């Protein structure tokens, strides 16, 4: 009996260890997929430069990398100090504003009920500043390490994609390699078109937010518009992340300005979601909106932020591969419609 219990316990432990290892492997595969996306972006931009200059494609990739680094460095050098100063003002203003907001909320019946039943995060309890800082530092180190891995692998893939493509095709039976190569070509083309669509959407959103902030008299409209455009790459959560900085900086000027910025962000996101993205998706990928939202939710539940970030391109890959392999090859259908 004791031996049976021991074997059962060991079997359970073995299954748990296997699940943990499988989860870590999936995270690694997600990082590899992110590196592939980066490689597709760098390689196609490098080919674009090579087609218009005497440079080779690899030299074009190098130029793209240098331009990206120079652009980021220039942005942080020109806008970084001013943004830091504005955020310092926000930090000074927020405590008084929060206290005023608390008093205003407490003046209502429902507000008093909410405040009475909301834990006080700053007083008592088991909250540890050291523990919170340690956890934040640990997560930051993990993000930096993952970013370095994605950048390194992505650049290597962009410099010699044929080498890794041949290696991948060698894993496929000989009689299926030609079809596998066609699927890889279709996936690469689909991801490139998706990246172009995302870029167009990011530029449009960034311009609308930047111009709107300038019209409202909010400081740093160019920098905040750029942040809004970049974070718009993140599905669903991106607009809120990008708009948070603009709202906080506007709040340092006036709560009314912050309200105007919130309205601006909502209007821009409605234009983006109802007009821009449908037009872009129709020309680029034709991804079903319901499946896209579902993929983002599932990706976030299973893998957190990186799952949300990569859910849409992963869905695109699955749809392209399923249409070509399952519909065309197994069902003898026609996969010309759709992604």
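Each Cβ is built from the backbone N, Cα and C atoms, and glycine gets one as well.
Remember, TrEMBL labels are computer predictions, not curated facts.
Under the heading transmembrane segment, TrEMBL lists 12-39 (among others).
The transmembrane segment feature in TrEMBL is assigned to 59-77 (among others).
The annotation transmembrane segment is assigned in TrEMBL to 140-159 (among others).
Residues 37, 40-41, 44, 222, 224-226, 228-230, 232-233, 239, 242-243, 246, 250, 257, 260-261, 264-265, 268, 271-272, 276-277, 280-281, 283-285, 312-313, 316 of the same chain sit 6 or more residues outside the transmembrane segment (194-216) yet have a Cβ under 8 Å from a Cβ within it. Sequence annotations record features per position, and here TrEMBL assigns transmembrane segment to 194-216 (among others).
Sequence annotations record features per position, and here TrEMBL assigns transmembrane segment to 223-252 (among others). Sequence-remote contacts of a segment are chain residues at least 6 beyond its ends whose Cβ falls under 8 Å from one of its Cβ atoms, and for the transmembrane segment (223-252) they are 75, 79, 82-83, 86-87, 89-90, 93-94, 97, 198, 201-203, 205-207, 209-211, 213, 216, 258, 260-262, 265, 268-269, 272, 292-293, 296, 308-309, 311-312.
Under the heading transmembrane segment, TrEMBL lists 258-279 (among others).
The transmembrane segment annotation in TrEMBL covers 291-321 (among others).
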